[in-house]
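Reading through the structure tokens given below for one structure.
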């Protein structure tokens, strides 16, 4: 880990060290994904079978996973695993249930009533990556809010063979359909539909560069589907003072670094002693990790920043806008009102990032790459949409009419003006 003293850097150097690595999909990925999307749109299920065999080296018997297969997968899980998944489900459901919006109804002036109501997005698609380890936690983070929001149809795609844990959580979340499809072809299938795969309105979930690019392409096509948020490498920033536990900090940094070689890991502290202790602790703990080689690559570009105060540490964090922000200080909650840009914040010694990743109740689908300045963590609102309503009485319209007419005249929109005056004239004619 590289250590720098913030005050010794010029403004240009400060900008440079906090710059994320460029996300370069490359023309080859863009073209390859466009080809996959076109093939799925043209050939439907046949393309899905062909591409699954090509990319995943698996020949599924069917696109859709059967109820029997889901039940058999559930039966294979240990009681311990089921209990863990059910506890996580309960906590996530409790937190997301609390996010249910309250309808708004306001009389802005006599006879003019404005309302706001929320409706679920009708059909949503969840993408769960494959790979060496299953990700049932991601199914929970996507499936629970979709269920609570009341989405009419929820489907899930994952590369075959789909892990038992994923199928069990799909059952917990009452997901309607599960498909043996991964990669860009899964995104295309959900965005445009095939004989077996339901076309959805919005697609959620992480994935590799091909999945990310497929999501981008379908979201830019009005015939495609909306997506949850832009994606980038995972990241953590830790703010720590001299009271922090260096071993805890090292463990938190490494838990992020093991995600992938492009993970971003940053410690900001006014304590040189803590910086040195964390450097030593990281090296000791690194040797014990099964994914040490991956974590080591991420650490090669990681940073320890020596700030001159906690106030400056907060400013650095707000400027960087991390996906995960851990605050290990004497009074972490005192800093909370000053923290503006973060996907999820973990306060105090006993709040490791892992808790939020799996089971505390918050959502682990978070904006990265500095998007925390404008994007929020995934929540119930992402599976819903707002509608406004207005209802005017006859007297309400008459009272509001002069304002609307004056503004319509200023904008040169005669038909807008006439839509009001024609009504007022009829009201006046009635006497």
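The count begins at 1 with the first shown residue.
Using the three backbone atoms N, Cα and C, a Cβ is placed for every residue, glycine included.
The substrate site recorded in Swiss-Prot includes 256, 259, 324, 357, 411, 416, and the single candidate from 234, 301, 302, 377 that the record places there is 234. In the three-state DSSP classification, residue 259 (substrate binding site) falls within coil.
In terms of C-alpha distance, the listed recorded positions 127, 185, 208, 323 place 323 closest to residue 234 (substrate binding site). Non-local neighbourhood of residue 185 (NAD(+) binding site): 36, 39, 40, 47, 48, 51, 52, 55, each in the same chain, at least six residues away, with C-beta under 8 Å from its C-beta.
Taking a C-beta cut-off of under 8 angstroms and a sequence separation of 6 or more, residue 357 (substrate binding site) has the following same-chain neighbours: 137, 364. The shortest Cα-Cα distance from residue 256 (substrate binding site) to any of the recorded positions (127, 208, 323) is found for 323. DSSP assigns residue 127 (NAD(+) binding site) to a strand in the three-state reduction.
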